[in-house]
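Peer 1: Just lifted these from Swiss-Prot, have a look:
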BINDING   Ala94, Gly95, Ser96, Gly97, Gln98, Phe99, Gly100, Tyr101, Val102, Lys117  ATP binding site
COMPBIAS  35-47  compositional bias 'Low complexity'
COMPBIAS  530-541  compositional bias 'Basic and acidic residues'
DOMAIN    88-420  domain 'Protein kinase'
REGION    27-47  region 'Disordered'
REGION    520-547  region 'Disordered'
REGION    562-587  region 'Disordered'
Amino acid sequence: MSPRQLIPTLIPEWAPLSQQSCIREDELDSPPITPTSQTSSFGSSFSQQKPTYSTIIGENIHTILDEIRPYVKKITVSDQDKKTINQYTLGVSAGSGQFGYVRKAYSSTLGKVVAVKIIPKKPWNAQQYSVNQVMRQIQLWKSKGKITTNMSGNEAMRLMNIEKCRWEIFAASRLRNNVHIVRLIECLDSPFSESIWIVTNWCSLGELQWKRDDDEDILPQWKKIVISNCSVSTFAKKILEDMTKGLEYLHSQGCIHRDIKPSNILLDEEEKVAKLSDFGSCIFTPQSLPFSDANFEDCFQRELNKIVGTPAFIAPELCHLGNSKRDFVTDGFKLDIWSLGVTLYCLLYNELPFFGENEFETYHKIIEVSLSSKINGNTLNDLVIKRLLEKDVTLRISIQDLVKVLSRDQPIDSRNHSQISSSSVNPVRNEGPVRRFFGRLLTKKGKKKTSGKGKDKVLVSATSKVTPSIHIDEEPDKECFSTTVLRSSPDSSDYCSSLGEEAIQVTDFLDTFCRSNESLPNLTVNNDKQNSDMKTDRSESSSHSSLKIPTPIKAMIRLKSSPKENGNRTHINCSQDKPSSPLMDRTVGKRTVNNSGARKLAHSSNILNFKAYINSEDSDIRETVEDVKTYLNFADNGQI
C-alpha cells in the first residue's frame, strides 16, 4: 500500500483537507461520488433546500471548535509500552455499541480508572448514511467552498462521522457540572489516528440492567446502588430520583437528550448514583447556544419532529408518520419524560410497555394501546403510568412538576386512581398517507397476540445490550495496575463481560505515527480487521447522528441505493440469534438472563417486505405505491 495521507481530525487545522487524499487504496471498491453522478432533479432540489438545524450548526462550526478545543488533545505514543496512549494504560473491553466500543483504562495523571470510548472515523456500517445523505452533504460542502475536488463516498462518510463526534463532544463539554451526567475528561485525536478517543469518568457497574427471570428478582447490580432493603420499587424510585435530577440539569442547559433508555444510563458503585450518557442524539434550544440565526427557531421545531431514538422509547407525538399537516412536538423536554417513563416501566414490570414485531407495529401500539389496566393505587407505579406515560403531551408531567412531586411528596394526580385521560384510552387518530399504508399492511398480516409470559422472546430483541459491570480496586496502585485491572477476573455471578482479552493495542488505531518520530517503532497496523471483528458487537438501536437517525427499516427500504463495501452486510440481515458482543450470559439459578440484549428491537424477523407489495398485481395493494414513495421521502428527509 502506498504511503497514506493525513486523516481528518476533530480540529480541522490539524489535518487540512488540502493535504488529505480523497481516494484511498482501501476505498477503491467504492466509486467516487461526483456532481455528474447526481440527477438534475437532485441538483435542483438542493438549490432550493431549506436551512435545517444541522446546516445552521455547520455554519457556526468555528464557535463549536472554540468550545471543544480545550478538551481535544493530540495523541502521543510511548516508545516502551504500546498499550498506552498518552497518559492512559488501556485495559479490558467494557462493551461495544453501534459506532464504537469502550475500554477500561488507568490515567497516570489523575491516578484513577477512566472509560475510553473509541469511535472509528470510518463508519463500521456503510448503511449508516444513505446515498442521498452523502450526496447532499458533498453538495453542501461544495456550495460552502469547504471542498473543491471530487470526494469518494467513504471519505465523505468519514467526515460526516467526525462531525457527529464533534457534536457529541460539544454537548458533553457543556454538560460537565452535574453528578448525574457522565463527565467528559478529554478527547484524543491525531491526523494519523483512524479513531477518536473520548475519555470520561468510569462508572463501575455499567449500563442499567432490568431484564430478569422473575418480575420480583433483584439484580446484583441493584443491590450495589440501594444497599439496604433493596426491592424493585425502591430501586426504581432511586433511578427516578437520579434521572429527574439529571433531566432538571439538562433542562437548565437547554438540552434535550432524545435517546433515554436503560443502555444510556450508567451506574456508579462508588458514588451510588445513576448517570445519563451518550449525547450524540441531543439537541439544544436556540436560546442556549452561543450563536443565533433568523431561521433557528423554525429549524429547531422541525428537528424536534424527526424520529430520533430507539423505537420502543419514542413518545407518541413522534409516531404520527406521514402526517405533514402540523407538528405534533411542541415541548421537546417532554420527549425525555416519556422515555424515562418507559425505562421505569421496564424496571417495574420486567417488560416493555409497547412492542411489536417491527418498529411500525411498535409505533402503532404506542399511539393506540392504553395502560389504564396497570393503575393500581401504588404511588410510584401510578406516577409512571398516569403522569410520565401520559399520551397527551399537554397533560404529561413536566420536569419542573416532577421535581416538586419528588421533593414535596405531593399527590401523584388530582384525578381518581381508577381514571386515566381520555387521550390514553381513545387517542386521536391522525390519518396520513404513510399511516394509511401501514394500516393496510398490518390488517393484511393480521395481528398476533402476545401473552404476558411469552414476552421474553420479544423483550430481548427490543433492548440494547448492557455494558458489563467491572470491579476495580478503589485506590488502584499504578505499579500493580496490570494485575489488578488489566488482568482482573470479576465474579462471574455478578458480571457478564468477557474480561480475559488482551489490552488494546494502540497500533490498531494509529497509522504511520512514527513517520514524524523516528525513535518510535513502526506503527502501521490497519484497524480494518479489528473493525470487522467488532461489527457483530454493535448495538443497532442507537441514533446514527447528532441530528437524525435512520431506523433499520429505513435502511432496508432503500433497497439498491445504499453505499456498499465488500465484506459488509447490512444490519438488517445480521443473525438475530448470535450474541451481539463478547459479553457472556449471567447465570441465575437454573435459568440464564442475558441483559446484553443479543437481539435488537428493529431486527424483527417479520420485518415488512415493501417489494412484495409494490410488485403485487393486487389492485388494492398497488394503490398504496404512492404512499410507499411518500414514506421513502420521509425516511431520507424526515419530512413529506
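Note: Cβ is positioned from N, Cα and C throughout, glycine not excepted.
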Peer 1: Hey, what's the Cβ neighbour count for Ala94 (ATP binding site) at 10 Å?
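Peer 2: The answer is 25 other Cβ atoms.
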Peer 1: Return the count of C-beta atoms lying within 10 angstroms of the C-beta of Gln98 (ATP binding site), excluding that atom itself.
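Peer 2: Within a 10 Å radius of the Cβ of Gln98 (ATP binding site) lie 23 other Cβ atoms.
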Peer 1: What is the total of other Cβ atoms whose distance to the Cβ of Ser96 (ATP binding site) is within 10 Å?
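Peer 2: Taking every protein chain into account, the count is 24.
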Peer 1: Count the other Cβ atoms sitting within 10 Å of the Cβ of Gly100 (ATP binding site), across every protein chain shown.
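Peer 2: I count 21 other Cβ atoms within 10 Å of it.
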Peer 1: Looking only at Cβ atoms, how many others are within 10 Å of the one on Val102 (ATP binding site)?
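Peer 2: Other Cβ atoms found within 10 Å: 20.
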Peer 1: Measure between the Cα atoms of every pair in Ala94, Gly95, Ser96, Gly97, Gln98, Phe99, Gly100, Tyr101, Val102, Lys117, the residues the record assigns to ATP, and report the largest value in Å, rounded to a whole number.
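Peer 2: Largest pairwise Cα separation, rounded: 14 Å.
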Peer 1: Could you pull the average pLDDT for the domain 'Protein kinase' (88-420)?
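Peer 2: 89, rounded to a whole number.
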Peer 1: Tell me whether Val102 (ATP binding site) sits in a helix, a strand or coil according to DSSP.
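Peer 2: In the DSSP reduction, Val102 (ATP binding site) maps to strand.
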